[in-house]
Amino acid sequence: MSSQYSTPIGLVFVFNLIIGPGSLTLPAVVRETGWLLSGLVIALMAFISYITFSFIIEAITITNSITQLRKLQMMKSVTRVLKSLPQVSSVNYDRISNASTDSYNSENESPIFDNPVLPTSSSLMDFPPESVELLSLDNRIELGEMVTVLLPPFAKVFFFFSISGYLFGDLSIYYKAIGQSLVDFTCDYKLNNNSANKSNLCWEDSSYTKHEIYLSYLLLYILIIGPFTFFNAQKTKYLQVVSFSIRIIAFTTMIGLASIRLLSPTQKHGHTPTANFIAMPQLIGATVYAFMCHHSIPSVISPIKNKNKILLKVAAIFLLVFTLLMCLCMTGVFAFPKVNELYTINFTPTQDTGSFYRLIDLILILFPVLTISISFPVIAITLRNNLQVLFLPSDAHWAWKRIFIPLFSLITPVLLAAFVSRLEVLVSIVAVYAGTGIQYATPALLVMAARAEIPQQVAAIKNDYCSPFKSKYWPICILIWTVICVVVLTISLISKELN
């Protein structure tokens, strides 16, 4: 097991997983959707995301009980085989089998979790070598393992396609955000600051366009950060604390600057309608992506030392994230007459910007680059590992594992980022076809299967990590909501392409 950390550090991990580049795309879509409708939709999506978060936590504990009981069954079988061997018959197995194996019918070879005689305790204290905590979060069980244990084989293919598609899109969005941020940081702010226009010059005395500089930054970023994809990397708690600090400072600074602009009578302000239902599909897509953290829940939660009331503490993090996002969006849409698709671009300095505010604005423009660069190698390595599991046999040539798959993980997302001009469209595509699978469908299916497959004797044990949404209708509602999201967002994307 990886080194443990305190509960505050674990909550910092959760916060960092949610607050990413997807959050910076929300103000633009909120402006189109309307302040009241956007507030209600974002609150609903945050609530649904927390529900599925709790589903995964509960599914981890039940999957752990199933796998632990299977291991105990294997240990019991080995004990019987060893006792039957003449050359070791003199060994004292009383400690090994007196209490535990006598509790079971030695002729019954059914799985141990089908035996109703198993003690109804969360720890099997009478089985060697030590007690086994059944309903526990201490053993890291990744989503892929839970899918394998609880769901049919075809679900494993669906899951790996979903998570690989999400990570693929995530890297593309990372590339897009980094490229745009670096262009706005280095190009002359006195010129037209619309970086989406490919014909705009980057510098007044140069023939290079902003799009050419954008492509150059993408190539440079691959050369600098890309090599980490060929090795193993892991997040450290120190980097997460630094990243958390950067995020908090950047968000509070953007909220503060937008509030100052909003209170200034000399500045032009923005306007947004109360509700615009036509733009709601785009908001749903951006919000699905903004609250995505579910793919890393096992890795983040398992190392926490004290998991007491962990779901309540995570709920506080979701409430904090919701509050920050609402403050960011509401101040932004009313403070600026135009809100860019990547919100930090709104803080690009102008000729009238003072030296102090110009420095702050330039730092804010680099905010996506600083935060993304911390997690980029981990996302790329995760994508590489999932592609290997999905497409390569266990005996595949080393070149496929060490060279071709890592290269594919790096190059294909950057091609998508280079040729998809609108960031919010890319976010919507990733959210509808991969994000909903990971954030909604997979947790709902896992908790339904886990509750159905829970060992009979374990079902009587109180699960301290059980989801508060215990009704069988909650997962069904989540699956219905998943279908609604996919249908609505697909229709929206098709209609935009046809118009």
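Note that Cβ sites are derived from N, Cα and C of the backbone, with glycine treated the same way.
All TrEMBL annotations are machine predictions without curation.
If you look up TrEMBL, you'll see 9-30, 36-66, 149-168, 213-232, 244-263, 275-293, 314-336, 356-383, 403-420, 426-452, 473-494 marked as transmembrane segment. Positions annotated as domain 'Amino acid transporter transmembrane' by TrEMBL: 143-452.
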Checklist entry - When you check the transmembrane segment (9-30) against the transmembrane segment (403-420), do you get at least 3 Cβ pairs under 8 Å, counting only pairs 6 or more apart in sequence? => result no
Checklist entry - Among 36-66, 213-232, 275-293, 314-336, which stretch has the highest count of C-beta pairs below 8 Å with the transmembrane segment (244-263)? => result 314-336
Item to check | Selected stretch (most C-beta pairs under 8 A with the transmembrane segment (314-336)) from 36-66, 213-232, 473-494 | outcome: 36-66
Checklist entry - Taking pairs 6 or more apart in sequence, does the count of Cβ pairs under 8 Å between the transmembrane segment (36-66) and the transmembrane segment (473-494) hit 3 or more? => result yes
